[in-house]
Structures are given as structure tokens and as C-alpha cells.
């Protein structure tokens, strides 16, 4: 496949500065938070994964924004996506979050099953100011060029949390797993990804919690977003979709182990994971599902698995990751590519329609941001991560919600799947400073 062109970082109305000595993304975002800015999107790259860690974005101020229900989420995002944004990074991206339930826009029959969440089906804004950090090129582009940078924050923001004040109990989650196993063994599905929720009471600035999370668990997709009265923080490892120069890709993650306490134990767990027949079979199935999804917007014969079953390590867990790519049909928009892949099979199951039905029946409440998509959208270019290892503020302004899931297949053990959700929530709970007992 042809490589995308080297992106120009110096747009006509922007100023270009060396990255050395320029305020870091988090420093500027913290200053904006302290000053009371209502619209902020900070998308950072970390984790040392060079193929996914070149750019970080900071955007603030609101030129236009939109919030809509799940049924109209894709349609409204298509309307907002800037038609001048055709390559990444772009001068005028739309920053967005689409909920898991936005799938009802393409699968309306699901609307009778899924509930409504406090968060909208889609929320997005086009910023007044954008700063793009090119870590590989050592450059920063400030747009527009006369953008006044916020003064350094002079006060330290406090944060504290307690809880969980509510959670899906171990007994309740293991009962859900047992129910899903009966359905899988009856032939209704091959895999169902079930999640459990935890809620915490919080005080102070969530930006402080984001800083702790980003430091403790650097990932390719770190984000802090203040969208009017809504706030979300996250450290996602998984790319849902990237579209650039007529090429679309997704990076399915399936297969998890906890990190070892020593380098030797870490290697032993990696070998165990890669040789686990259940984990391998689950991963292959979800790679095939990703191939099928990408085929919906790709030229026949162009879809390829360009890397297969690599190991990526994070603070508390390691994962098996693959990469699937295709060449898109002419005039494919970013939102069309997003629709083809959302929600990912890695957070729903296979076959996807029946798995989503079972999820709705067993979880009994809307997921909201969890397993949705967050990122930047243009007309024919964009990039979005799956909302994982994340927490979002509810409408009362003092309750933070988080979810984690596990893929259930025919030989799953309920207690093991519960512990996987505990491990996945580990970094987030440490950042919040709440009880880690599982």
C-alpha cells in the first residue's frame, strides 16, 4: 500500500516553533483549566509506540459545537466535520466523542433494547485555537499564528475521590457471565464482551486525576476533554479507526494478562498468553471481524493484516494486538469509515448484532461513553480511539463513572473474567486514589 504523504505542519495562518522550550501540552491545558475555559480537548500520545505517538493536540475555545442523541450521532458528526481536513494532522479538526449507543443510527432495531445514558450520543466542537505537537519532527504549530498562549498556572489544583459508591458486584458480574455462557453454548454467539460499571464520588479538578493517569499508564491515546459541562479522562490503548490518504486501518486488541512483578515473570506471562488456545482463538476471530468491517469501505482485494499478534505492555496489563488495513473506495468520508467499524468487535463480540443484543439484555443499562469513540474528524481524514480505561463525570457534577469489560467465549471462567475487569480498572483507580480491593 502507498504511504501517506508527509503532512505539512506549517499552515499559512499558523506560526511554527521548535518543540524544545515550548510549553508542554499538559502545561497549557492545565493553565486553561485553571482559567475556567469551558471547551478543551487534549489528545496526547505516549507509551513509546512510535508508529502511533507522533502527534499531540491541544484545542480550546468554541467556534461551533453540537450535542445530539444516539440516533442522529453519525449524521451530525458528518455535518460538523471540516471539508478542508483531508490529511492528518489538519488545521481545523472537529474534536468529538461518540457513545457506544450511537450504533442505533445504523442498527435502529437495537433502540428497543439499549437504554439512554446521561451523556449524549455524540458531542463535538470545532475550536478557535489549535496547537499541534510533532514529536518526531521537533516542531509545534500554533493556529492561528497570533494565538495568545495562557499564562502558566500559579496554583495547584486539588483532587480527591472515594468509592466505589456503586458498582456491578462480583456476584452480579459472574452471574452475567454464566448467562452469556449458556447462550454461547446454545449457539447464539461465539463471543460476548460484557462490562461492569463503577462509580465514585469526586471533589476538585479532574485534570489532576488525568495527570496521574497519564503518568502512571502512558498509552497511545491519552485524552482530557472538557466539553461545556461534561468532562472525560482516559488512557486508551486501542485504535478504532484511522483514515488518511485513502487508507483505513484499525488495531484490534484481544487477549490480556496482568503484568509480571519481575522482567522474567513478565516474559513468562507473555509466553503463556501467546500460547493460550482460548486467547489465540478469540484474537483470530476478532481480527477476522475487523477485516469484515473494513471491507465495508474498502476496494475489494485491498484488505490486509499488516501485523499479527504483537504484544503491547501497559502499566497493569499486556495485550495481544494486530493491525488491519485497507484502501478505501473513492470519496469515502471519515464518518463512513467510523460507522463501518463502530462499535469494535473487541468491545461487543461476534457475530456483532446478536452480541450487542445479549449485552443490552444482560447489562440492563446504557454504556454511554464506554466502548464509544473519541478523536478528531475531518471530511476525508480522521482518527479515533476506543473509549477504554476512561472515566466521565455525570450530570450531578460529583459522580465519576467508569467501565471495564471482558470477552466471554465458550470456555470462559466467570471468576477469571471478573478479575480481568479488575486489572483493567487498576491504573484508573490508582489515579483516582480509590480502593483497589477486587
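Cβ from N, Cα, C; glycine included.
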Record-annotated L-tryptophan site (Swiss-Prot): member among 31, 45, 412, 427 besides 220, 221, 222: 45
Cα-Cα distance linking residue 45 (L-tryptophan binding site) and residue 255 (chorismate binding site), given in Å to the nearest integer: 23
Cα separation, residue 45 (L-tryptophan binding site) to residue 405 (chorismate binding site) (Å, whole number): 23
Shortest C-alpha distance to residue 256 (chorismate binding site) - which of the binding-site residues 45, 221, 282: 282
Neighbours of residue 406 (chorismate binding site) among the binding-site residues 45, 220, 221, 222, 282 (Cα to Cα, within 10 Å): none
Span of the chorismate site, taken as the largest CA to CA distance across 255, 256, 370, 389, 405, 406, 407 (Å, rounded to a whole number): 19
Sparsest Cβ surroundings (other CB atoms within 10 Å) among the binding-site residues 222, 406: 406
Among 45, 221, 222, 370, 407, which are recorded as binding-site residues, the nearest neighbour of residue 282 (Mg(2+) binding site) by Cα: 407
